[in-house]
Amino acid sequence: MARLLRTLRGSQPVARFQRCCGLFPAGEEGGGDPAEGARGRGICNGAGALRGPPAAGRGLPNGVRSGPQAWTQKYIVKNYFYYYLFKFSAALGEEIFYITFLPFIYWNIDHSVSRRMIIVWSIVMYIGQVSKDILKWPRPLSPPVVKLEMRTDAEYGMPSTHAMAATAISFSFLIATVNQYKYPFELGLAAALVFSTLVCLSRLYTGMHTVLDVIGGALISAVLLVLLYPAWDTIDHLLLTSPFCPLLSIVVPLVLCYNYPKLDYYSPTRGDTTTILGAGAGATVGFWLNNQYAVPAYTSDNFQFEFHLVTSKTVVLVLARFFVGICVVLLTRRLVKSVVLGTLGYWYNFSIVDLEARRQLEVEVPYKFITYSSVGFSATVLVPLLHELLGLM
């Protein structure tokens, strides 16, 4: 068992998977063992294809240096189907997906479904992000692995939060909708499995995680789903009715962000965690406010999730809601980010283009938390009001 775990935690299975999918380091001939290619002439270090030697063995993730330097790697793609498939799948675990898919569910499916998904997503992602910086397991080594994402490589590896998010989102959606809407359970289960599997495999293809990272992330997410499911209704009721909900929804995430595990170098994990908790906090306050003032909700009475009832009018309505909503969300994000960064820059006397200053705790946490809590609030309160005003409810 120990030997199996060491193998799954190693870089060679990842490199072999990449080669099988047609992804090679520049100069390495197709076929052969990745370890041989790493030892031979196929990998160029230093001033060649890689800039800045990996820092493995120094207590940092592979490729991460103590300063802001980054390194890039040249590679050859021999199968563009897998390349675009897994690049797209990897994007399903990024901010652009969260900021579109979760509001889409809120605007077009059901408030109760989106509330449960956001609760699960926030809890799962926080535990996953914190676990990375507590365990401090390095990412796969390069060489032999080809790295396609430089920003993500600055984080530790275990567990894969992409795998955690994909598992949590797909299966929480399945659990929350299967008894409310008329569709075959087998179809929903197949969709959840395909979605989560593609995202998990994309983390191997992009060279960001070992097999053990991905399996660990999916399993942790599954366990958390099992533990949270019995308390879904209770948590949902408290979030909607408790008079302390708005205060706790803001204070608790802020405390968690300011007390995030400290590292000896800058990692995007704290900022990403603040983004997630901020969006969840803003959305939760919006849920509570909507319930207090009986704001019209998108429910199964408004939208029937049945294939034979999907008409051109339904499609137009869904697209209109999404277009209006996403414009408001993106505008909110842009405006609030500019105002908050400008205010913090004036207060702490730094330029808003100074990346190092924006990475400081006293700047990064408030600017990201305020920005994304505003996004969450806007998506759950302002957008529905605008939809109602435009006759899109």
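Any Cβ shown, glycine's included, is placed from N, Cα and C.
Predicted automatically and left uncurated, TrEMBL annotations should be read as such.
Annotation source TrEMBL lists domain 'Phosphatidic acid phosphatase type 2/haloperoxidase' at 114-229. What TrEMBL records for 81-106, 118-135, 156-175, 187-205, 212-232, 238-261, 273-290, 310-331, 369-387 is transmembrane segment.
The list of residues near the transmembrane segment (81-106) in space but at least 6 beyond its ends in sequence, with Cβ under 8 angstroms from a Cβ of it, reads 21-23, 113-114, 117-118, 121, 148-149, 161-162, 165-166, 169, 173, 195, 198-199, 201-203, 205-206, 275-276, 279, 298, 322, 325-326, 329, 333, 375, 379-380, 383. Sequence-distant neighbours of the transmembrane segment (369-387) (same chain, 6+ residues past either end, Cβ-Cβ under 8 Å): 99, 103, 106-107, 250, 253-254, 257, 274-287, 289-290, 295-298, 321, 324-325, 328-329, 332-333, 336-337, 340, 393.
In summary, the transmembrane segment (273-290) does not lie against the transmembrane segment (310-331): fewer than three C-beta pairs, each 6 or more positions apart in sequence, are under 8 Å.
Beyond the transmembrane segment (238-261), the same-chain residues lying 6 or more positions past its ends with a Cβ under 8 Å from any Cβ of the stretch are 115, 119, 126, 130, 133-134, 269-270, 273-274, 277-278, 280-281, 284-285, 287-289, 291, 361, 365, 369, 373. Tertiary neighbourhood of the transmembrane segment (212-232): same-chain residues 5, 8-9, 116, 119-120, 123-124, 127-128, 131, 137, 139, 157-168, 171-172, 175, 196, 200, 203-204, selected by CB-CB distance under 8 Å and a gap of 6+ residues from either end. Remark: secondary structure over the domain 'Phosphatidic acid phosphatase type 2/haloperoxidase' (114-229) totals 82 helix, 0 strand, 34 coil, with classes taken from DSSP.
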